[in-house]
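Per TrEMBL, these features apply:
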ACT_SITE  Glu79  active site, proton donor
ACT_SITE  Asp226  active site
ACT_SITE  Glu320  active site, proton donor
ACT_SITE  Glu338  active site
BINDING   Thr424  Ca(2+) binding site
DOMAIN    621-708  domain 'PA'
REGION    755-854  region 'Disordered'
COMPBIAS  755-767  compositional bias 'Basic and acidic residues'
COMPBIAS  782-794  compositional bias 'Acidic residues'
COMPBIAS  838-849  compositional bias 'Polar residues'
Amino acid sequence: QEHAYPADELMPLTCRGRVRGQEPSRGDVDDALGKFSLTLIDTLDTLVVLNKTKEFEEAVKKVIKDVNLDNDIVVSVFETNIRVLGGLLGGHSVAIMLKEKGEYMQWYNGELLHMAKELGYKLLPAFNTTSGLPYPRVNLKFGVRHPEARTGTETDTCTACAGTLILEFAALSRFTGTSIFEEYARKALDFIWEKRQRSSNLVGVTINIHTGDWVRKDSGVGAGIDSYYEYLLKAYVLLGDDSFLERFNTHYDAIMRYISQPPLLLDVHIHKPMLNARTWMDSLLAFFPGLQVLKGDIRPAIETHEMLYQVIKKHNFLPEAFTTDFRVHWAQHPLRPEFAESTYFLYKATGDPYYLEVGKTLIENLNKYARVPCGFAAMKDVRTGSHEDRMDSFFLAEMFKYLYLLFADKDDMIFDIEDYIFTTEAHLLPLWLSTTNQTISKKNTTTEYTELDDSNFDWTCPNTQILFPNDPMFAQSIREPLKNVVDKSCPRGISRAEQSLGSGPKPPLRARDFMASNPEHLEILKKMGVSLIHLKDGRVQLVQHAVQAASSLDAEDGLRFMQEMIELSSQQQKEQQLPPRAVQIVSHPFFGRVVLTAGPAQFGMDLSKHKAGTRGFVATIKPYNGCSEITNPEAVKEKIALMQRGQCMFAEKARNIQKAGAIGGIVIDDNEGSSSDTAPLFQMAGDGKNTDDITIPMLFLFNKEGNIILDAIQEYEAVEVLLSDKAKDRATIFKGKMIPNYIIDSNLEMENMDQKLSENDSHKQNSEETTLASQDVGAVSEEPEEGEISDGTDPDSLSPAHTDSDSISISNQDSYVPGTNEGSAPEPACMQGDHQPQKQQTESNSKVNWDNKVQPMESILADWNEDIEAFEMMEKDEL
């Protein structure tokens, strides 16, 4: 109220409201905003849960007085339903409860319900399709087909978008006696059920709203499908219709048969459910353990929840997506509540105080890393702790609610929470609706369902006294095997050095002696069936085809060589793992607000041990590649040198600029358009020689980030930067100096937090082919062959980079090739047995963030005049 009302959301860094049309577009994310005070409505019933009844009464009066639902604005049907319609219904539910108690809300006469009905009618035009599936968007004022609606051309919607309506729409019908809302929601659910893949009983992620054809045929329990399954089970609980339970049980059997690979939940293809569709998981699946508790399947719920908790302990928050070997895939975290939700339900089910400790960790992390003066800020990157000027309404609607309920005793509540069911947005709907205004005729459709040979067709809600043994060790015994699932190290095999002490022939080439530029070594590799491949992106792969070896003995030597190389590279990475660094522009008019993610070097000053970092003005060197003596030393002396990647080793560049008097160096990628948003960071390795003579810090910037500095030089000439292990707050940077008033309250500094960047690559066996990426090759100091690779692309000069995860395996061996995604590689995780995906695809190694763009300099400076955050990364697609 102090900073943002009546805007839809609070922008916690700039302490103002987010009003659609007045801020740069964030793409689909903004479809939740309708100029209807979203956060206020979404938080109404949270106030009552927190026993803030006076504040609730005031909030309801504000909603009635100020909120307009007739805006000419296009909104998401799904988001408006769960957040606004659900918020109004949840508010109405607790309002009539308080009125009945006789102390508060005595003046209330169903005003929130009237608004909910008005909004319901505004959503109905979206259902004007032959299938009954709603359009994904609707104009609140003009509907869908109207010439001024600016929507209605879409052909696809997600399964969850069409299948997450029944609770709110049915509740609206039951509250008002108007059946049309429940009828429309049921029709959409019926259509999705009819279009399920009959052999697997799975549904896809997106569906054509006109034809019913599946557009995306992958299936999981995360983004795009999640709440469809949730609403089938909860519709049975709220409405008492057996058909919903039958459908849920049928789907649940398929999920546990194909998608569940405890503790993982991996997407599969609906037509080929034994084939994994991807090798990463998104954070929205964190709701599923809570749903499993409601279903009564406690063991897999505990297992998956524990796995997620281990990921959180590694990064402080759950990344938007992470790979099957628990590396960060998408680094954002918009303060999602799904894990807190599952924690609450598991505690309710087991009574195990362990889950109170989990909740305590969540609260501590929120206060330590996400809390800012004006609220709680979403994490732009869980590894660096950088913030985003965003606080979604679901944070107050769900996260506060579940965490409070986790620790609340029955005496702390002014009503019995067991009398209500939670919607997917955690809004409260009373269970007595099941017997009110039943205008929908129900038919017996049991014959349409597959007979399942298990206990999935229990017809009652779980009896906790029977389901969960009164044993404090029950849940712990399930969690214990998963305690180190994220950071677990693979068993150490017998090393080649140990093998050589025993009997047997001496290998023709040892991994530690291998040099990629040695023709004799390459000839030996060829004899062993191992070839060296230079990739377009600069990486080098070692590939073994046993059938191409000169003999079976040579093939065996080749396999041993690859195993030894894997072991060697693993050891090197354990010794040389480094987190990403920061380049912070501190001169006018930036003043520390612009922080660029930089790759570290394995030589030179260790910035983690020099907390103050290195600060200085930047200067472009001549020659720009830095591969020979610097010809403009007077311009470089006592400054931080800028140079281009290429033509020679990183260490050689460092020596040349150090000799010219530079106090630090920044290498800018020569690959046009490269960015830390779309490519994994890497470490700049040495040249195979002793690099103790290099004492200055060296950092690597991708092309886009480097161009930000180069553009700033063009605009302002004198540009000062700070090289450090992590971004510093401006109070530290400008200690003893004057700071312009207009930047003091911008709150854009990173939180001081431990770097939690821990990325490891784990790879599946393949009996035909064994490959090893360049960063895993041992000490190789020679120059690469001309025209093939140069500078950082030498097998020893980029260490480590990311690897093709589906191409590294050893026949008949539990081997792995650790690599890094985002710059470091801690203890590699073992993926064994059912925990290992059938095939790991290359996409699992890519740091696939949102489709971000960097604003041009002129736009940034103009934005600053309006207190808009500099270099805001625009999100085009919502997860």
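Any Cβ shown, glycine's included, is placed from N, Cα and C.
Remember, predicted model here, so these are calculated numbers, not experimental data.
Of all the Cβ atoms in the protein chains shown, 25 others lie within 10 Å of the Cβ of Asp226 (active site). Sequence-distant contacts of Thr424 (Ca(2+) binding site), defined as residues of its own chain at least six apart whose C-beta falls under 8 angstroms from its C-beta, comprise Ile82, Thr164, Leu167, Asp226, Ser227, Glu230, Tyr231, Phe287. On a Cα basis, Glu79 (active site, proton donor) lies 16 Å away from Glu338 (active site).
The Cβ of Glu79 (active site, proton donor) lies under 8 Å from the Cβ of Asp31, Ala32, each of these being in the same chain and 6 or more residues away along the sequence.
Mean per-residue pLDDT, taken over the domain 'PA' (621-708), amounts to 89. Summarised by DSSP class, the composition of the domain 'PA' (621-708) is 20 helix, 15 strand, 53 coil. Of all Cβ atoms in the shown protein chains, 23 besides its own fall within 10 Å of the Cβ of Glu320 (active site, proton donor).
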